[in-house]
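Visitor: A single structure is presented below for examination.
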Amino acid sequence: MSTKGEHHTVPLSVLLKRESANEKIDNPELIHGQHNQSKKGEDFTLVKTECQRVMGDGVTTFSVFGLFDGHNGSAAAIYTKENLLNNVLAAIPSDLNRDEWVAALPRALVAGFVKTDKDFQERARTSGTTVTFVIVEGWVVSVASVGDSRCILEPAEGGVYYLSADHRLEINEEERDRVTASGGEVGRLNTGGGTEIGPLRCWPGGLCLSRSIGDLDVGEYIVPVPYVKQVKLSSAGGRLIISSDGVWDAISAEEALDCCRGLPPESSAEHIVKEAVGKKGIRDDTTCIVVDILPLEKPAASVPPPKKQGKGMLKSMFKRKTSDSSSNIEKEYAEPDVVEELFEEGSAMLSERLDTKYPLCNMFKLFMCAVCQVEVKPGEGVSIHAGSDNCRKLRPWDGPFLCASCQDKKDAMEGKRSSGDRHSSESD
C-alpha cells in the first residue's frame, strides 16, 4: 500500500506500449511500385516494409527503399544491397525512443556506408556502385546517397524537392576540387593527339563519380561518405521517385512527375521508365521506384497535382536559415501543413560527419568504433577529434572513437595518406 506523496514508477513495458499505440495512429500508409528495363544487369533494388525498430512489437515500424546502380560488375551492388541496412542499424543504440532514433539516423547512415565500403574492399573486388538509400519512419523521410542515382519528393502541397546529391564530376565543382586536393586527377578521356572526349573522370581508373561504394582500383579520394537529407512531411503526405541515371539522363524531375500523374505507384514506375527509354533508348539499366506516403484515412491513390502557389513556400522553407532570416520565414509561412527540413549535410570529411556537434551527442557507445562497431581496447582507440600531434588516449569526453583500421581509412579519404600506400602495404 502506497503512502501519500509516494512516486510510482511506470514500467518500461507500459511506456513502450503507449508509444507504440501513438505511433500506430500517427503512421501513414505506404504504397510502392517499381519497374526496370535492363541493359547490363547491374541495377539492384531493396524494398523492405514494416521493419521493426523495437523487435517483436509489430508496431514501431519503418520502411526501406534502396537503389544500387553498379559499374564494372555487379558485385558491389549486390554486396551493398545485402549488408548496408544491417550496418546502419548496428550503429544505432537499441534503447532509443522514436525521436532519438530518427535523430540518430544521419550519423548512423554515414557509419553504415563507410563500414559497407570498408568490408567490401577487403574482398579485393574492383566493382563499385552508386547508392540511394531511403528510410521512411512515420512522416520522416531520410535519404543517404552516393553517386548519380537520385531521389525526388513531390509533397502534396506542391513543388519538387531534391533529396539526394549528384556526385558526377562533370557537374559538381566542389567535388572536383576535393578530389584534386586529395591527390586525384580530373580530366576527360584522351584519345591521343590532344583530343579529349566524354565526361570528366577521375584518374587513375576513369570513374565519372566522386563518391561510391567499392571501386578499390580508383583511389580512396573516391569516398563512400553519403550526402544525407532528412525531411518531415505534413500529414497530407507526398510522392517519392527514386531512379537510376538511366531515367535522369533522359527526363527531368518535372517530366517524371507529369508523365505518371494520376497513376498508382506500380504503373507510375513503369510509365517513368518507358518515358525515359522512349527518349534515349536503352543505353543503360533504367530503374525506378515510386513510393506514395498517404494519410491512413485517404484512399490508395496517387498524389494529387501540385498546387502552383505552394512552390514558392516550399523553396523558401528548404533554404538554409540564418538566425536573422528564420524568424521572418516563420512569420511569413506560419502554416501547419508544410514540409520541414530536419537535417542536411554533404561534407565528405568523416571527422565532420561523426562529430558530436550533431544531435544526440551520446548516440555512440564508449569504447566501440563508431564505424565498424568493434570493441576498442583502452589505449587503442582514436578520438574522431584527435589531431596528428595528439596522443592516442581514450577519454570518454573525446569520443566518438575509431579503431585503428577505420582511422587509417579516414586519413586516406581525407587526403592525409595516399591510396597507393594502402595498395603497397596489402601486396607486401
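Glycine residues also receive a Cβ, built from the backbone N, Cα and C atoms like all the rest.
What you are looking at is a predicted structure, and each value in this text was computed from that prediction instead of being measured.
According to Swiss-Prot, the protein carries these features:
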| type | residues | note |
| --- | --- | --- |
| DOMAIN | 24-293 | domain 'PPM-type phosphatase' |
| BINDING | D69, D245, D284 | Mn(2+) 2 binding site |
| BINDING | D69, G70 | Mn(2+) 1 binding site |
| REGION | 301-331 | region 'Disordered' |
Visitor: So which other residues, same chain and not among D69, D245, D284, have a Cβ within 8 Å of the centroid of the Cβ atoms at the Mn(2+) 2 site?
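Guide: Going along the sequence, the neighbours appear as D43, T130, D148, S149, S244, G246, D249, D285, T286, T287.
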Visitor: Using DSSP reduced to three states, classify G70 (Mn(2+) 1 binding site) as helix, strand or coil.
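Guide: Going by the DSSP assignment, G70 (Mn(2+) 1 binding site) falls within a strand, counted as strand.
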Visitor: So if I draw a 10 Å sphere around the Cβ of G70 (Mn(2+) 1 binding site), how many other Cβ atoms end up inside it?
Guide: 27
Visitor: Mind telling me which of the binding-site residues D69, D245, D284 has the densest Cβ neighbourhood, counting other Cβ atoms within 10 Å?
Guide: D69
Visitor: What does the structure give for the C-alpha distance between D245 (Mn(2+) 2 binding site) and G70 (Mn(2+) 1 binding site)? Integer Å is fine.
Guide: 11
Visitor: Kindly state the mean pLDDT of the domain 'PPM-type phosphatase' (24-293) in the predicted structure.
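Guide: For the domain 'PPM-type phosphatase' (24-293), the model's average pLDDT rounds to 93.
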Visitor: In whole Å, how far is D284 (Mn(2+) 2 binding site) from G70 (Mn(2+) 1 binding site) when you measure between their Cα atoms?
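Guide: About 11 Å separate the Cα atoms of these two residues.
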